[in-house]
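Undergrad: Just passing along the structure, written as structure tokens.
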2 protein chains.
Amino acid sequence: MLLQASIDWNLRVHILDPDPEAPCRHLATQFAVGSLLDYDTVYRFGQSVDVLTIEIEKVNVEALEALEREGKKVYPQPAVIRTIQDKRLQKAFYRQHGLPTADFILTDNRADVAGYADFLPAFHKLGRDGYDGRGVQRIASAADLHKAFDAPGVLEKAVDFEKELAVIIARNANGEMQTFPTVEMVFHPELNLVEYLFAPAEITAEVNEQAQQIARQTAEAFGIVGLLAVELFLDKDGKVLINEVAPRPHNSGHHTIRANVTSQFEQHWRAILNLPLGDTDFYQPSAMLNLLGEDGFTGPARYEGLETLLGMSGVFPFFYGKAITKPFRKMGHVTVMDTDMDRLREKVAVVRDSIRVIA
Amino acid sequence: MLLQASIDWNLRVHILDPDPEAPCRHLATQFAVGSLLDYDTVYRFGQSVDVLTIEIEKVNVEALEALEREGKKVYPQPAVIRTIQDKRLQKAFYRQHGLPTADFILTDNRADVAGYADFLPAFHKLGRDGYDGRGVQRIASAADLHKAFDAPGVLEKAVDFEKELAVIIARNANGEMQTFPTVEMVFHPELNLVEYLFAPAEITAEVNEQAQQIARQTAEAFGIVGLLAVELFLDKDGKVLINEVAPRPHNSGHHTIRANVTSQFEQHWRAILNLPLGDTDFYQPSAMLNLLGEDGFTGPARYEGLETLLGMSGVFPFFYGKAITKPFRKMGHVTVMDTDMDRLREKVAVVRDSIRVIA
């Protein structure tokens, strides 16, 4: 989607991807296969381009730091990626900068976690390498302590939240910042994946201002150049807390491709190329549903119910071109738009009941 | 742009293009270089795909007819392309189907045209191979008769028009039809190229209904599967006449990428794949300016004033990735959107005065 947003501006985009069958291979100006975790691979690739950016945090930061030292433009900056890569550093960063976030304790191993039974219920999160719900365990009570990771992590007090929100913010090298409207995410009860999202969030002006303000403060604290997706909790007392952040285009901004004047992907290009940031206003309220591979199906993907979707107005399916579906694999998403919130919710229900990714 | 509209649906698109440096070469699933006018090249290419479509009418129709006879889906149908390729057949088709169009006389050569001095002022149009204003001569009076083409053509009575309009219509194999809102085009006074366009057109409901109705009648008369762009004159008496048609995505629909629920490009895919046609409603009024290479500059293209455009809200530049600019070459376009027509016109003026394609 980032590549798609580059086409109208004729940007020459070179991609490094570990998967020789990556769906984007036909869209890039140049496509190289290689590990994002290998120092030499990343370093050599970075030398061949003018500006280097990432779409996933799990990347060799040492190579990015070397490139940055040599004067290469690397956005987001390696120091930002390094902090965000490790949930322990990330949480410590919020505390250090006075940014509101759930209380937490840094833990070294499972035995360490066992000493904090009075801190429960909490979530134990692996410091590094978690992604899309992997690397997170809910520790409701002492009986769950065996589920804690036996590796450096962070024990985070469970927030009794009303809603999960997100604000995507862009910042360019001039320091110009622009937020997208606050969205509301509904997570899959088991998978810890965004199941669907409504934009804008149905929240009070006061809560919205908290969310937008926190996003601005966080982007400024990081000094990031690029996009920062700030995931937030709205607790039962109306207080907004940072859950976690991602320094790149994010699932909570996919609806912006259709619903907003500027998409998150175009905004990322604007930010890292130090262009004026785009207007983030929306044309109509929207929703986004992730299309996950149906449980029980593995193999070449088939999309059931597609004609129903294409027969509806303001319903936009996006398929990611992944050849093989697996249970709960993110295979695409659907954006739904309407001027009326009730009709929007009705459409979302029809879409959810119509489309299945099977094999 | 047609390729771009295929990406979200994972369509596998193979392209045949005579230019090895065609800007789309990095976007196609497969890219083949070859002449669109060579029977064998077109025939063999067509055999390798499931559905064949075109983006330019100047193509070997005999090869398309052979493929169609063998059961290949060729949309638009070769018979439609054959009629439209030749302005003589096209005009005769309108007369035969009772579709309103300016009066005309078929002519064989220049001497032939000279016999119709009492039919002037008129336009003499080459039967075949005209494009973007090439192949059209205004014959204001007998003194201009030497400008007539010495080849088969059509002498068309000059219409004293109030406005030039266009309606793009899609028709799928089920016979479902859907029109886009009527737009208003302003042509460059010398180049016979669309200089800019406003959507929707500022016309009465009655004129709009004529335009929409003519588009439907024309698509039905052709029985076309795919897009048909119907260019129209609104004469001083409030009567709408067909100027000419194109059986493909068209310059008069480029604004739909941003301004409409469904773009003309997505609609073309829907039509030729016999999917339900998409909603053509628009989010906001829009305008489109063609970006022509500045007179006096030939060479590697540079875009002056781009930052001004990117600093405006609702202004979307599209560059076609052509490496070399030439005087008046179509290098891209800019879509401008606003909820307010006056602000829209102001923005158009700023854009027109800001951007230049130079070398």
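Every residue, even glycine, has its Cβ placed from backbone N, Cα and C.
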Undergrad: To which of A:Lys58, A:Lys72, A:Lys125, A:Lys322 does TrEMBL also attribute binding of ATP at the site defined by A:Lys87, A:Glu156, A:Lys157, A:Ala158, A:Val159, A:Glu164, A:Asn243, A:Glu244?
TA: A:Lys125
Undergrad: Whole number in angstrom, please: the longest C-alpha to C-alpha distance across A:Lys87, A:Lys125, A:Glu156, A:Lys157, A:Ala158, A:Val159, A:Glu164, A:Asn243, A:Glu244 for ATP.
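TA: With A:Lys87, A:Lys125, A:Glu156, A:Lys157, A:Ala158, A:Val159, A:Glu164, A:Asn243, A:Glu244 as the binding residues for ATP, the largest Cα distance is 19 Å.
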Undergrad: Across all chains shown, how many C-beta atoms besides its own are within 10 angstroms of the C-beta of A:Glu244 (ATP binding site)?
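TA: Its Cβ has 18 other Cβ atoms within 10 Å.
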